[in-house]
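Report on one structure; see the data block that follows.
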């Protein structure tokens, strides 16, 4: 509801048609018409209308002098205003002249009125408690009657404001206490009806007010007539509303945004209020707080434990350890303890496996798991339970990590995805069996002992599995590896040829790279952090859904069984689709679909148990699938020296996700959707980023994949070792490489290392071999390259010099930046044409010199100067063309320049395909620049710039010439309007900071660019 003050303000708060009172000129000529009077005494606005706030300063001249010389000096209206075309006979705006520099006084008056409402609330609230509701309703209405009349006869604005303040104070008391008085007399069933009825009368009062003001156009008469209408609403917030409306001078949307936001927030906070429908009015604090007046009032938490009933289970950790009420969150703490243990287990047994073997690193954790699974079932209290769960987590983390690695390192390329998925499949079968066990055995301690039985079988069986042959070879234990390979071949009824076994050479020195590889390779870093995020996010989602199995609304046993059943097809499908679709597509699709299904849960109410459970099960299906893919992917992305470390760190990330999942679920106490939004968003983001990973299907190592993609920046090569031909010129290429180059872990020749040359004869070299290595000393031999020559092969930008390619590109871009900075101000002072010609010449010269550079350093200097020219040319040629194009064709012209750039890219691709020599290609690309360098001297200067610099005659000539080319004629009358600038406007960059509007436009465009 709005109050009467607002109604009157609405009547008066417009900007009436007006002009200054200039009757002083009638003393010089009483016969002047109104139009003549206004023309002589009022300045005009930019749109041609008479000024509404300014007038020419009066003079003592006769009318002839005023007509002949006119008046120039202006001032504010000195003798009041003349109002016309107004809707009302009188308003507070016209009576008190609240216009021009006093226009905000109407808002001030309204603010004073609203302040009085606030003051009245403070005054008449306590009075009602002491002297009764009736008395504090009578007194305010009498004050309202008196001072509404006083406001109607106010001789000036200040008396009006004082009257409005007193009226507002009384209105606050009347409105508040009349409502309380009425409510306290009305029963429960009719209370809401009566309250709404009082509001309805307020609405009727507003309608009546509209009619009243329509008929009575004088605000003073309306003020006195409206005393008895009772249409004024009490709103403390109205104090700020006029001040808020004043913010519209900055932007009209500001008040709307503020009051809309306040309304939305307050609407949300109403949720905190209790329901009072059909309840008696409270007469005491206890009743208001929901306490009984008699009986027991003081409460405390349960002191003698709880009585549990209607439970699904005979005993759970919740009922045994009383994890309810203020202890309920400890259930999530127990889950977090398990996940923390898994995280620690991954951290401990990852490096352990590198030093002591995969087998030993799988045996110890499974024994730890067995022991503490049993002790968990015997825990007498929650704290020992948490400690046991932590230790179970340590064992599980180490076992899970190393058994997967051990199995993967024994499986060949073609069966690797099948083997990894089968391990996940067995996990799904375990979940199904667990659901059945829990259904029949409702005591958690007994169920804990039963689940320990399979772990005991594993603890015995695992001592008979073989060590990883790959790890043995990596540690130099070649003979043991040979024996295991022969044994494995015999089990598979295969025979390993002796010639193949002889190729296994004992490594005299062990190469321990580990995580150093990650630091050295930016490509591996990208892959590592991408797969790490995927593993983390899918585990957060998986465990958040798993830990909420009892909260979806359906039977917990049915939900758990369905969780396990959906895992079976997920892992079975994974075996086939990993080979059919590949690793990257499979990982992307499963994460994106799983995340989408999870976030779709928010579209259904929690009460719709079937829809929520179906979406959770479907989402978990795809998340399980993604987990299987990650297990395969992480083995294939990284080399042997880093594979275990990568798997360990990936497992740590996944366990960190599991550790956070119960804590994330705890946020549901604030709102059930928070955890769903977080883990679904993480899954969607990681799914999108999986696009950055390479495809590794049927690839034996990532190194081959990387080489296929890096023919240009990292070509196939080996060190030049022709020195050995002095010892034996008849050596074949294979013999030469075998004798002079060390091998990488994958068996290929090193691309950056060679054995240090010696002065031995060929027999000694063959017999003793070469051991000491160094970087390539005599350059490289390149082969299988896409191009005959590149800057990489010409300047040997490989190995420790590989980053110089990026440096050269950075130098070029730095040149472009400097060129833009240098030729921008240059164009302002010397013209667009000159600032385009000079950069074009620089570009042409240094495009040619780039092709002739003998080394990378001169090449970088040439690229910098080439970029310098390109920056200046690009900026100024666009400005020059734009300033010659009219408004209707400007966007078309700019887009055509971009189109030619795209055509240039296509032509360049064809040139590079046909000409595989970078120097020749560089010279050919200089040819179009040669044409530009000649052509650009014949283009005209910008006429806009010439006008701005005061060179009007040159600009006129160019305009006439341009019109003639277009077969147009420029009228002489139009040319005569072009006046010579007396002073040149040298604003430059200062203009941006002088104008707030230009500053806003400039930084917005810069940010967009």
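Each residue's number is its place along the chain shown, starting with 1.
From the backbone N, Cα and C atoms, a Cβ is placed for every residue, glycine too.
Nobody curates TrEMBL annotations by hand; they come from automatic prediction.
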Worksheet item: Can you say which of 864-885, 952-973, 974-995 is given as transmembrane segment in TrEMBL?
Response: 864-885
Practice prompt. Tell me which range among 29-50, 51-72, 73-94, 227-248 TrEMBL lists as transmembrane segment.
Written response: 227-248
Fill in: The annotated transmembrane segment range in TrEMBL, which must be one of 318-335, 336-353, 354-371, 372-389
336-353
Worksheet entry | Where TrEMBL places transmembrane segment among the ranges 796-819, 892-915 | 892-915
Worksheet item: Which value does the mean pLDDT take for the domain 'Major facilitator superfamily (MFS) profile' (263-698) in this predicted structure?
Response: 76
Discussion item. Using Cβ distances below 8 Å and needing 3 or more such pairs, separated by at least 6 in sequence, tell me whether the transmembrane segment (838-858) contacts the transmembrane segment (670-693).
Written reply: no
Discussion item. Using a Cβ cut-off under 8 Å, which residues of the same chain at least 6 positions beyond either end of the transmembrane segment (864-885) come close to it?
Written reply: 811-824, 826-827, 832-833, 835-836, 838-843, 846-847, 850, 892-894, 897, 939-940, 942-945, 962
Item to complete: Mind checking which residues of the chain, 6+ beyond the ends of the transmembrane segment (670-693), have their Cβ under 8 Å from one of its Cβ atoms?
Response: 526-527, 530-531, 533-534, 536-538, 540-541, 544, 583-584, 587-592, 594-596, 598-599, 601-602, 606, 623, 633, 637, 661, 664
